[in-house]
């Protein structure tokens, strides 16, 4: 993942700007580079670039994945009249180049096609891009610009407005919160056009309207389109691996990658031995399952252990990087944040991960209580639309904090369209017919002749990542928060935090840290709120009257569904008291070595 910042239409001759430049010069950081590098360098440590045209600045911090030698940004068309800064991967860039025979490209970067597509097709080219992206394009011929974000919001993007009339667009809040009067997240699947003066949606798939689909379930078609989604994400010029928790989703990603790696360009450069990575507390469910899957697939497996105290000590850094106070996001981001640092230290710059499947197929355990197929489908639509504020945010920011890129094949546009066109009756959980959560996905890869995974892994019950790394992780977080947030503080929570008022001590604890880093009202409004049970939307809480008394985003809150659900006493108290380890934090590593080439 790279990082971008664009400042468009700023008043360079203002007194306020002069004061700002003076302040920054005292830090011995040049003004133009500070606009971007100082705050967002973690997203792209490989190279910095900045372009100025009049009162517009386009800055880029690069994590080099494709064409590391010559793909530095900003990127240009032939005469440099069109300038682009982009954080993205365009998986169909080779096909797009073939559609532009009269254009000359300056680099082999996959993102180089964007400026040329704009020249050829105008603002309506965005839907031609197959990939993940957030970009700003400046047309210097008339000083107009467009900005766009990928369909689901895998890559983060924010937009803000300055008092001087400037528009700011950034990969993270940190690029906006000191200089913008108001800012908000840039909605996924949208394009901003300065010519039209606002946002418009460019991504309009059939499922977005939430009309109930009726296409019969075709397991082979589902299998083929997902394999294609994984294979296209093997596009890389740097060492890579897979995140492997031992659950269904990451295990399928690892299995498909292992099957198809040998014939790829990446294999020619880095070898055919796939590297896999897992993190967890000692003895956690994920570590055991991931080790078994890695042995089955023959990957070079790297296992990272952390303690509850390691995670607690990292909480402030995690909240600063993910820019959220959402409880589930922080719980899951912390192990991923710790793991990403270790992965990057091994020389790996890209990983493939399994986010998105639970939203598409109703994999969260609360879907067991869906009243009918109509409500089941609508809930999956709601979940996909909100991914950019939850799992996409986590997967991107927890990894990019250490200059690591995460790719998510379940959120491939073609795959989503195929999966969301299936009659939801086939996705419904039906114990009498042996259908557990995500049955349609499991059945699609249940190949007796050439198995993708062991049966018990293929049909392993859903574990949310924050649970799977070890049940005592969440219990430890609750205990830690209880030591720092008093009952008296909770009584005043609604007065201190009137928006998205924290209802638990854990949520209150995270919120106080977030407010320290991002005290602006605009910042707190970028974080979603509302009641949730086992990661549900607020609407789905209505499916079971008992849930309103046990609102916790952990999968173990799905009483009567999760095999290791909270007992009633624990659920009602909301706080468990495991021992907190008060030693010096240290992450242990179990790995056959740090050599990436096999």
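Cβ from N, Cα, C; glycine included.
TrEMBL: automatically predicted annotations, no manual curation.
Annotated in TrEMBL:
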DOMAIN    2-197  domain 'Glutamine amidotransferase type-2'
ACT_SITE  2  active site, for GATase activity
BINDING   110  L-glutamine binding site
BINDING   243, 279, 353, 354  ATP binding site
SITE      355  site 'Important for beta-aspartyl-AMP intermediate formation'
Taking every pair from 243, 279, 353, 354, which the record gives as binding ATP, the longest CA to CA distance in angstrom is 15
For residue 354 (ATP binding site), write down the residues of its own chain that are at least 6 apart in sequence and whose Cβ falls under 8 Å from its Cβ; none is a fine answer. 243, 245, 247, 249, 250, 251, 252, 253, 408, 410
Between the Cα atoms of residue 353 (ATP binding site) and the residue listed as 'active site, for GATase activity', what distance do you get, rounded to the nearest Å? 18
CA pair residue 110 (L-glutamine binding site) / residue 2 (active site, for GATase activity), Å rounded to integer, equals 13
To see if you understand the setup: which same-chain residues, six or more apart in sequence, place their Cβ under 8 Å from that of residue 2 (active site, for GATase activity)? 43, 44, 60, 61, 62, 63, 73, 86, 87, 88, 171
For residue 279 (ATP binding site) and residue 355 (site 'Important for beta-aspartyl-AMP intermediate formation'), the CA-to-CA distance in whole Å is 16
Model confidence over the domain 'Glutamine amidotransferase type-2' (2-197) (mean pLDDT, whole number): 84
In chain order, residues whose C-beta lies under 8 angstroms from the C-beta of residue 355 (site 'Important for beta-aspartyl-AMP intermediate formation'), counting only those at least six residues away in the same chain, are 249, 387, 391, 392, 394, 395, 406, 408, 410, 411
